[in-house]
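Colleague: Take a look at this one; I'll ask things after.
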Amino acid sequence: MDEHGDHRQSNPFNDQQTSSGKILRIRLENFMCHSNLEIEFGDWVNFITGQNGSGKSAILTALCVAFGCRARGTQRAATLKDFIKTGCSYALVYVELKNQGEDAFKPEIYGDTLIIERRISDSTSLTVLKDHQGRKISSRKEELRELVEHYNIDVENPCVIMSQDKSREFLHSGNDKDKFKFFYKATLLQQVDDILQSIGTKLNSANALLDEMEKTIKPIEKEINELLEKIKNMEHVEEITQQVLHLKKKLAWSWVYDVDRQLKEQNEKIVKFKERVPTCQNKIDRKLGEVESLRVSLTEKKAQVACLIDESTAMKRELECLRQSMKKAAREKIALEEEYHHKCSNIQKIKDRVRRLERQIEDINEMTIRSTQVEQSEIEGKLNQLTVEVEKAESLVSSLKEEENMVMEKASAGGKEKEHIEEMIRDHEKKQRNMNAHINDLKKHQTNKVTAFGGDKVINLLRAIERHHRRFKMPPIGPIGAHVTLINGNRWASAVEQALGNLLNAFIVTDHKDLVALRDCGKEAKYNNLKIIIYDFSRPRLDIPRHMIPQTEHPTILSVLHSENTTVLNVLVDVSCVERHVLAENYEVGKIIAFERRLSHLKDVFTIDGYRMFSRGPVQTTLPPRPRRPTRLCASFDDQIKDLEIEASREQSEIQECRGQKREAEMNLEGLESTMRRLKKQRTQLEKDLTRKELEMQDLKNSVASETKASPTSSVNELHLEIMKFQKEIEEKESLLEKLQDSLKEAELKANELKASYENLYESAKGEIEALEKAEDELKEKEDELHSAETEKNHYEDIMKDKVLPEIKQAETIYKELEMKRQESNKKASIICPESEIKALGPWDGPTPLQLSAQINKINHRLKRENENYSESIDDLRIMHGEKEQKIGKKRKTYKSCREKLKVCKDAVDSRWNKLQRNKDLLKRELTWQFNHHLGKKGISGNIRVSYEDKTLSIEVKMPQDATNSAVRDTRGLSGGERSFSTLCFTLALQNMTEAPIRAMDEFDVFMDAVSRKISLDTLIDFALKQGSQWMFITPHDISMVKSHEKIKKQQMAAPRS
């Protein structure tokens, strides 16, 4: 029993907490004993306590009044004006409800809060519904009733609001029928039962009345049915007689019209056949024009390819010549730059020497005046020392310059090496990307071989063909590459694929209609430029005579190909001449086969390494290999994927190695630049020291000269002469320097021009190489197009000769025979009746003469049988039928409509009645489970027996301290506390079976002792918190033992005034 009770407690509907429909606050003005009372309620459990007479019960009464209850329904007054406080003229009940969540009542109108305001005066009572802003929305009773039904707030249901009168009534009642009435009303079963019984009674009465009314028209309906049967039969006999006459005339002319139909069909056939002649001839002429145009274009393209090959060879030689000239010009420019810098350095040294001589002249003049014997002696010593230091400094400067030049050359070489390594890295990365792309393509082809011959577009095309397969006379074959394999492994795969090219992507159809259908499928699959070949699928495998094949020991493409489809091999022979394409091992062998042996019936030679060679008259052509791509005709792509993965891994290793070399070169370059900066700094410092010491030495020399009493004027003159000599040398060197600078500019200009010419020529050569490859592809396409056009032209010529013209001749012969037959049939039919009578009968429906003959015989037999049965006049029968039908027609229509409506109502009542019976049984079981579950909290067990037939509800309670183990069947035999607790358990069991956003209980703990009240309160609170509705408990007793909880709100009413 407890298991079922726990199961009910954990019902997710009961556990769902919703804020919609709960009371936020109530305000009473001049209502019963309250002048102005306002109470705010919590969303969960609310306790209202106070002394007797404090107006606790008036709150429940006010709620009942606000929700539309009549005064007598509250059991507190006879009329609503009795609720007005003595001495006042009106009473006001103001209730504020939450209106939030999914169950909100018209939230777009009322908002989050809904207000019910009922004002009662001596003469009137008005209920107003307001929105969350206090604006009046409605004052209609229907709106309030809709609100109450929406939230299921039935204040007369004791499970929603149990007043103190109802509590005492149940406690004092020992009658099982009264308990049943309480249960039946609380679960709303009473209301549903009464409504269904009332409807059932009314339906039975209506059915009985309708049956009586329908019986009154039964005799007349029987007479009408008999008349209708007679009229119908008589009309049918007349129709049959007239039909026989018309059929005989039609039969006579049907022979004529049948021949006319045959003549028309034959004439349409002749016209259709003749329409084919210009169409077919136009196709032949158009294909013939295409063939001639393609032949001219093919000859021009071959000449263009040969010219492009010669031009590309000459371009390569010119490129190499320009590259050598560019290198030579660069070397000359570098040599001139070095010479220019060297001469600039010499001129600067001479200028420095001149400046020193000028300072020396000035110093001599000064020294002459102030020199002494002692100073001259010291100057000589210093002069010797400075001479040694200058020589040493000059030696160090020279060695540092040489070392700096060496480091600079190494740094320049290191920079060029770094650029070369970066270029290598870019080349390897590009190769690796291409290899990875090829690997991905091969893996895709390995999963589905068809994708190798058109990619995803061919898959979409095949699906479109499957969807529209009914449009094709024969299913298309393709792509061709998916239907062929190589016999000797993958050895010749690259050469065969180079020879067949885009032909491997082509599809084959049997006629022009299938070609149009396949093009439509291609457009749907977004497969543009789809190559389609028309070929007769019924044609057997072509038998090629041996003398028509090149006589060589080397294989042809046809000999290395295999296909299960004969049509595919025939197309390869007719379109691509695979029996005339010879395969060779390498360039040398291919050259011997193509140009030296002069084999008959040889068209092209293809080598494994990619060369194509052919001879057309005296012109010998060799096309270079194209960039290698993964072959698509391999039996297995594993080897290619493995080889490409090894090459990609090798390229990755090369990239890593080059990156290591780059890092090493960068480190070396940084070291050289650091060394160069250090050497330059040391050299600059030494040059400064050298200049300073040379000046000091010159000063000392001047001092020595004055000591030897040399003529200062003579020394100064000599120095002036030396300065003039140096200045003249400077002028000569600067003149030479200007000439050298002009030569340097010319060399630089020449180097730049050569470089630009090389780059332009390289770009031009690149374009010509690409143009050569493009021209080769176009040449192959032109050859394929020419062969395809010739095949289609021959196909249309065969159709014209073997099909179109013979069909026209045969159809004309048949037409002449039918014209003679028509003349004979027309002559015979005119004897029976003129053709105008047949036309007057209406349009010809087209039956054959045999069909008409059989129809006439069958109708004659039936007409004979019908004439034997009836002798009345059909007009009299129709008059009698019209009179009787008019008499009862309106009644019958009315009765039928009523019967249909009653049936719909009866079905609905039966469905609801069955559902009510099922719900009764479920509610009875659940009541017992819940009751026993709640009793168990006090150690009591019990049982409830409900009899819907006897309309009784009996309660059995078994006390744990009862040694007799007997159950108490009358609650009046229990103590006051036990009776109140059992009543509470019964009420909670009913509460758990009903829905309502608010519930209230007044003086539920009457007659309870302290222990029973404690258990009852705990039970009530646990139930209320789990159940999820808003609860209001009103009691005059102390509730201090109620545990504190955030969801429990306690309020104390003020004591009544004495």
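A Cβ is built for glycine as well, from the same backbone N, Cα and C atoms used for every other residue.
OK, Swiss-Prot features for this one:
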DOMAIN    23-1049  domain 'Zinc-hook'
BINDING   Gly50, Gln51, Asn52, Gly53, Ser54, Gly55, Lys56, Ser57  ATP binding site
COILED    136-449  coiled coil
REGION    450-633  region 'Flexible hinge'
COILED    634-927  coiled coil
Colleague: At a 10 Å cut-off from the C-beta of Gln51 (ATP binding site), count the other C-beta atoms across all protein chains.
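Modeller: Taking all protein chains shown, Gln51 (ATP binding site) has 12 Cβ neighbours within 10 Å.
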Colleague: Could you tally the C-beta atoms, other than its own, that fall within 10 angstroms of the C-beta of Lys56 (ATP binding site)?
Modeller: 21
Colleague: If you skip the near sequence neighbours and keep only those at least six away, which residues in the chain come within under 8 angstroms of Gly55 (ATP binding site), Cβ to Cβ?
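Modeller: Met32, Cys33, His34, Leu37, Met1053, Pro1056 - these are the non-local Cβ neighbours of Gly55 (ATP binding site), listed in sequence order.
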Colleague: How many neighbouring Cβ atoms, not counting its own, are there within 10 Å of the Cβ of Gly53 (ATP binding site)?
Modeller: 14
Colleague: Just checking, which of Asn52, Ser57 (binding-site residues) has the fewest C-beta atoms within 10 Å of its C-beta?
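Modeller: Each of the binding-site residues Asn52, Ser57 was scored; lowest Cβ tally within 10 Å is Asn52.
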Colleague: I'd like to know the mean pLDDT over the domain 'Zinc-hook' (23-1049).
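Modeller: It averages 79.
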Colleague: Residues other than Gly50, Gln51, Asn52, Gly53, Ser54, Gly55, Lys56, Ser57 within 8 Å, Cβ to Cβ centroid, of the ATP site?
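Modeller: Close Cβ neighbours, site residues excluded: Pro1036, Met1053, Pro1056.
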Colleague: For Gly50 (ATP binding site), just count the other CB atoms lying within 10 A of its CB, please.
Modeller: 17
